[in-house]
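K.L.:
Residues or ranges marked as transmembrane segment by TrEMBL: 61-82, 112-137. The active site, 4-aspartylphosphate intermediate feature in TrEMBL is assigned to Asp185. The ATP binding site annotation in TrEMBL covers Asp185, Lys186, Thr187, Glu298, Phe345, Lys368, Arg402. What TrEMBL records for Asp185, Thr187 is Mg(2+) binding site. Per TrEMBL, the feature region 'Disordered' maps to 482-501. The compositional bias 'Low complexity' annotation in TrEMBL covers 491-501.
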Amino acid sequence: IEIEEQYPLSPQQILLRDSKLRNTEYVYGVVIFTGHDTKVMQNAMKAPSKRSKIERKMDRIIYLLLSALVLISVIGSVFFGITTRDDLQDGRPKRWYLRPDDSTIYFKPTKAAISAILHFFTAMMLYGNFIPISLYISIEIVKLLQALFINQDIHMYHEETDTPAHARTSNLNEELGQVDTILTDKTGTLTCNSMEFIKCSIAGTAYGRGITEVERAMAKRKGSPLIADMASNTQGSQAAIKGFNFTDERVMNGNWVSQPHSGVIQMFLRLLAVCHTCIPEVDEESGTISYEAESPDEAAFVVAARELGFTFYQRTQTGVFLHELDPSSGKQVDRSYKLLHVLEFNSARKRMSVIVRNEEGKIFLFSKGADSVMFERLSSSDCAYREVTQDHINEYADAGLRTLVLAYRQLDEAEYANFDRKFTAAKNSVSADRDEMIEEAADLLERKLILLGATAVEFGHALRQFSVRSTGVGVSARRDARDLHLPPPSQSHSHSQTTST
């Protein structure tokens with residue numbers, strides 16, 4: 001007997017136009033919107049013109065000159081026709097020097113109207129030099145020379161990626177360097193959209209010896225060069241890893257095994273490597289693993305777990321696969337976790353959770369989120385280092401870091417079966433309170449959590465020495481583009497806050 005199973009359709013299952021589906025062998029699909037009913041098509045607008053202001057201005061000048069040329073030719077042709085008609089006397093023209101009596105096609109004095117029309121085309125050719133066609137050629141030569149100067153500009157060279165400026169087109173040269181207004185929020189720090197794992201608190205112990213930009217600036221104001229020197233020595237002692245700026249010999253290179261709370265550290269790193277939605281990409285030539293994540297925070301967490309011994313290397317529809325450091329043997333072992341449910345992050349929940357089953361059949365709930373919602377969901381009987389962790393979070397926030405609290409709990413089969421039944425029914429519901437039902441089912445399970453610790457990530461590569469003038473609503477600045485020392489266009493930038501939220 002086949003048992004019918006219902007699968008919910010939510011925004012997570014909808015593939016928008018131009019979406020790419022990876023790591024999927026086959027799908028069962030249903031068409032919801034097609035053609036002009038799709039969101040992308042309804043939001044589509046006419047492509048804006050990419051022509052520069054000087055080109056559009058030249059076009060208006062050429063139109064004006066062309067209109068003047070036509071007007072001159074028309075006026076001349078009208079007067080030519082009138083004069084030709086009045087010039088006939090006894091069937092012969094008075095102006096003998098024009099020899100019209102020898103012409104039978106192009107000029108007939110007896111048909112003044114046709115003569116005037118033919119004279120119009122003659123005037124257009126004779127007065128054609130009135131329009132300076134060479135103007136376009138001169139402008140294009142100037143733009144070509146400007147593009148060559150841009151390619152040779154040492155101030156636009158990006159040293160970190162060894163990328164010089166390359167002008168692929170010279171159409172918009174005159175539009176460069178015209179940044180007039182930059183809008184930002186009240187905190188006003190412009191940063192790259194990248195995060196670096198720099199500190200963490202595990203089992204009440206703070207790890208990470210890195211110094212943030214905020215701490216370095218405060219040390220300089222207070223006249224304390226020790227912190228600045230320590231920061232420079234720390235940064236120069238390790239190779240640059242994107243998303244990872246963590247230094248602490250107590251937990252790096254597998255040394256966390258000898259720490260007093262090694263079991264908590266192991267679970268902490270396992271949570272970082274499992275509780276996410278990242279997709280790994282393995283380079284076939286070098287064997288290195290990179291990650292595609294919805295947010296730079298998640299990518300930083302997975303990279304940190306990899307550098308500390310828990311490498312996430314494969315994801316399927318139903319499982320997550322890791323290379324874990326075994327504390328007993330000190331070697332990397334392969335472990336898999338069956339992915340049962342993903343309780344996604346949103347602005348209302350302020351947390352993300354995953355429910356997995358390990359190889360021994362045990363079910364775990366791994367959760368990470370803001371301290372404002374996570375601390376109220378901790379178990380009252382197991383909160384030995386809650387206050388210490390809260391103090392560490394406050395210190396990280398004062399240093400300009402973004403913090404997340406990590407916690408977990410083990411579920412029994414009956415509790416999970418009850419949740420699975422309610423959660424599936426809520427997701428399959430088509431009523432107006434569907435979201436509330438899903439949140440209620442998840443909230444029942446995300447209780448009595450065991451605190452592991454907290455993470456702290458820093459915005460990478462802040463745009464420094466950028467002076468702005470406050471306007472109350474935003475900020476305004478007139479700067480040349482070369483003065484900003486921006487990274488290459490492939491790196492996206494966003495306006496972000498530097499305080500913990």
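Note that Cβ sites are derived from N, Cα and C of the backbone, with glycine treated the same way.
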K.L.:
How many other Cβ atoms are found within 10 Å of the Cβ atom of Glu298 (ATP binding site), counting all protein chains shown?
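P.N.:
For Glu298 (ATP binding site), the count of other Cβ atoms within 10 Å is 22.
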K.L.:
Test of understanding: give the count of other CB atoms lying within 10 angstroms of the CB of Arg402 (ATP binding site).
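P.N.:
Arg402 (ATP binding site) is surrounded by 22 other Cβ atoms within 10 Å.
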K.L.:
Taking 10 A as the limit, how many CB atoms besides its own sit near the CB of Lys368 (ATP binding site)?
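P.N.:
Other Cβ atoms within 10 Å of Lys368 (ATP binding site): 25.
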K.L.:
So what's near the transmembrane segment (112-137) in sequence-distant terms, Cβ-Cβ under 8 Å and 6+ beyond its ends?
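P.N.:
Non-local partners: 58, 62, 65-66, 68-70, 72-74, 76-78, 80-82, 84-85, 106.
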K.L.:
Once near-sequence residues are set aside, which residues in the chain of Phe345 (ATP binding site), 6 or more away, have Cβ atoms under 8 Å from its Cβ?
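P.N.:
Result: Arg351, Met352, Gly369.
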